[in-house]
Amino acid sequence: MAPTEMNIERKVEADVAVIPNDGKRAYVTFLAGNQDYWMGVVGLAKGLRKVKAAYPLVVAMLPDVPKEHRQILVAQGCIIREIEPVYPPENQAGYAMAYYVINYSKLRIWEFVEYEKMIYLDGDIQVFSNIDHLFDTPSGYLYAVKDCFCEGSWSKTPQYKIGYCQQSPEKVRWPMNSLGHVPPLYFNAGMLVFEPNLLTYEDLLQTVQVTTPTSFAEQPIPSTYNLVLAMLWRHPECIDLDQINVVHYCAKGSKPWRFTGEEEHMDREDIKMLVKKWWDIYEDTSLDYKTFVENESKLNPIVAALASKESGCDGLTSLAPSAAKSNP
């Protein structure tokens with residue numbers, strides 16, 4: 001099924017001042033549905049403020065996100081970009097978990113061509129150190145972190161079943177005699193540094209229409225920029241928590257806003273500590289957008305002037321509508 005034409009953003013009412021930037025760089029995340037994933041996006045927005053990120057957070061959002069959730073995100077300083085779904089081809093409908101069908105729509109972020117470079121972060125990610133320097137990586141590459149095959153989403157693959165993982169391939173050797181060539185490197189798509197480009201978007205769209213999901217050329221960056229929690233118990237020798245910049249709460253039962261500690265591995269002290277760190281940020285009212293801007297304005301007259309100039313705004317939209325339109 002061909003994707004539908006992308007809508008221009010819809011204006012969302014809110015009484016929050018808008019602080020514009022040059023429009024060249026931004027963080028971006030994705031949201032769909034009416035469940036509680038908006039809480040993850042709020043946590044991410046506040047986390048980026050806590051580490052003094054210099055660039056805004058854009059939320060690529062499907063039309064089914066309720067108005068109430070949109071208003072919450074706008075009030076947290078997020079830039080709302082409504083997108084239309086991208087549907088997987090019929091031959092891939094049963095490839096992986098059901099929510100992966102929704103995840104095809106993330107390809108739309110390559111259409112955000114008003115930005116020169118973006119850093120994509122899943123909504124269940126939290127940043128604990130400033131990562132703005134990743135915007136300065138050489139252009140022309142997709143930057144990502146190698147995935148861990150020990151994570152549950154790989155459970156139906158040969159890699160998972162035999163205990164082979166590209167994070168520590170020396171632990172379990174790949175049986176070439178029975179399974180053929182060693183699998184190509186795969187990255188975890190929860191964190192990406194990329195350059196929006198319409199030709200790239202069309203190439204990606206054509207690729208998923210005719211092939212099964214696979215890896216494509218990228219430049220690896222250290223796992224400190226996307227710690228998949230399964231690494232803590234599968235590859236502890238690879239992890240130094242003091243050096244971690246970005247944590248991906250993707251293991252079963254690890255979403256902080258749903259955390260009970262009852263699922264497997266969730267009773268670990270390091271997991272509890274990381275969940276607490278997420279909640280400390282989420283519940284910190286000084287990191288709420290309006291409060292943060294007011295406090296920063298007292299210290300920075302330039303910020304104060306910008307906030308005053310924009311104080312009449314009743315909504316927050318992206319800096320410019322995307323020029324992108326998909327083919328009918």
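Cβ coordinates come from backbone N, Cα and C, glycine included.
Database features, via Swiss-Prot:
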ACT_SITE  LYS106  active site
BINDING   ASP122, ASP124, HIS248  Mn(2+) binding site
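Feature map: annotations from Swiss-Prot on the structure.
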{"residue": "LYS106", "record": "active site", "DSSP class": "helix"}
{"residue": "ASP122", "record": "Mn(2+) binding site", "DSSP class": "coil"}
{"residue": "HIS248", "record": "Mn(2+) binding site", "DSSP class": "strand"}
Suppose the Mn(2+) site is ASP122, ASP124, HIS248. Which further residues of the same chain have a Cβ inside 8 angstroms of that site's Cβ centroid?
GLY40, LEU121, GLY123, ILE125, GLY190, MET191, TYR249, CYS250
Name, in the order they occur in the sequence, the residues of the same chain whose CB lies under 8 A from the CB of ASP124 (Mn(2+) binding site) and which sit 6 or more residues away.
TYR37, GLY40, GLY190, HIS248, TYR249, CYS250, SER254, LYS255
Out of these recorded positions, LYS106, HIS248, which one has the fewest other C-beta atoms within 10 Å of its own C-beta?
LYS106
Quick check for the class: what is the C-alpha distance, in angstrom and rounded, between LYS106 (active site) and ASP122 (Mn(2+) binding site)?
10
Measuring CB to CB from ASP122 (Mn(2+) binding site), give everything in the same chain under 8 Å that is also at least six residues away in sequence.
THR29, PHE30, GLY40, ALA189, GLY190, MET191, HIS248, CYS250
